[in-house]
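K.L.:
I am attaching a structure below and will ask some questions about it afterwards.
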Amino acid sequence: MLGKGPSYLLSDVLHLPEPSARFLLALYGAYLFSFIYRYYVSRHGAAVQNLYWTMSGVLMVVYIYGWGVWHMLLDTVAVYCTLRLIGGTLLSVVITWLITMGHLVGGYLHIMYSNEIHPIAWTIPHCVMVLKMIGLAYSLYDGRKKQETLVSEDIRKNAVHSVPSFLEVMGFSFFPGSVLAGPQMWFVRYRDFVEGRLFDYQKTPSSTFAGVKRLLLGTTLSVLYASLNNYYPIEFLATKGFADEMYIRKLWLVFISGKVVLWRYIAVWLIAEGSCIVTGISYNGETKEGEADWSGLTNIKLFDFETCITLQGVVDSFNINTNSWMALYVYKRLKWLGSKELSLALTLVFISLWHGIWPGYYFNFSLEFIDLTAERTVSIIIIISFNLL
């Protein structure tokens with residue numbers, strides 16, 4: 001292994017593809033930037049902090065994708081120009097949608113019709129950036145409307161009342177803790193963070209221990225995934241060997257293979273969230289016991305996810321920030337349709353397109369719509385039948 005870079009060494013140790021090992025190393029690198037910020041950069045003004053986050057995030061993306069960083073840079077600059085010229089208008093929201101989603105779907109088409117294998121494609125961080133930029137355009141639009149006309153309290157809370165500077169938009173887009181795979185965040189939280197309104201470093205207990213706990217939990221799941229994936233690869237489910245297995249054995253393989261592959265995503269979210277906690281941007285006030293609450297950017301409630309017995313429980317505990325974004329900027333915006341089912345269906349169509357153009361996404365989210373609707377209907381029937389109200 002002499003002469004190999006760190007990503008190749010990690011790839012050999014964990015039996016991961018080199019691009020995946022490089023991605024994991026970049027996630028760990030976010031902790032270095034977080035600690036440097038916590039103890040040195042945080043004492044400086046917002047402009048310096050925005051510049052620091054921009055440079056740190058760009059370095060992380062370049063480490064993984066090289067010149068592929070131009071995809072994110074191009075869209076971020078284009079959205080900033082749009083907001084600077086016509087920000088706060090419905091047209092700015094529409095243009096932001098077209099720029100970001102058009103570029104993302106174009107990337108999906110290129111990947112689909114190329115002969116290359118993309119285990120870690122540039123579209124992964126681009127997905128995160130797309131929601132950030134659309135959310136920012138919507139929030140600025142909300143900030144220009146009369147507050148009493150906004151449909152919910154959380155929309156009013158996240159409204160942005162002034163066009164952000166170029167460095168603010170860049171820092172928000174490339175914030176290291178969320179640039180690669182989330183967690184999704186709102187611009188109001190980011191602005192309050194860099195301007196010192198989110199919390200006071202002098203009065204708030206250190207978040208380092210809470211962040212390191214998420215790091216260790218995420219690392220543990222990474223090791224479990226790397227170990228068990230060799231024995232239960234998800235790809236085996238599409239082979240003749242799986243088709244020839246006994247029915248009971250098939251059920252077990254579907255369950256354990258699905259569980260193992262999910263650990264890969266959960267591990268990434270936990271590690272990314274931990275670096276956000278270290279910076280302090282995850283601060284969510286105080287708990288009932290008076291302790292600092294660092295759950296503001298939690299993307300997975302691991303215990304709830306592993307123990308829930310309903311599909312709604314899965315939705316509530318898995319990919320939390322993305323689901324919250326979809327509710328805030330898509331589902332609630334469709335209230336004028338007058339149908340919760342239609343609003344949910346259209347939201348799931350957008351989620352499918354945001355994930356990709358491969359048929360499996362549309363099948364998956366169509367099934368989610370059917371199952372959620374059925375679960376809610378059956379729940380109502382049971383409540384009425386057994387007089388549980």
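Cβ coordinates come from backbone N, Cα and C, glycine included.
Remember, TrEMBL labels are computer predictions, not curated facts.
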K.L.:
Could you tell me which of the ranges 254-275, 342-363 is annotated in TrEMBL as transmembrane segment?
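P.N.:
Matching range for transmembrane segment: 342-363.
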K.L.:
If you check TrEMBL, which stretch out of 161-181, 224-244 is marked transmembrane segment?
P.N.:
161-181
K.L.:
Based on Cβ pairs under 8 Å, which of the stretches 20-40, 52-73, 120-141, 161-181 lies most in contact with the transmembrane segment (85-108)?
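P.N.:
Stretch with maximum Cβ contacts: 120-141.
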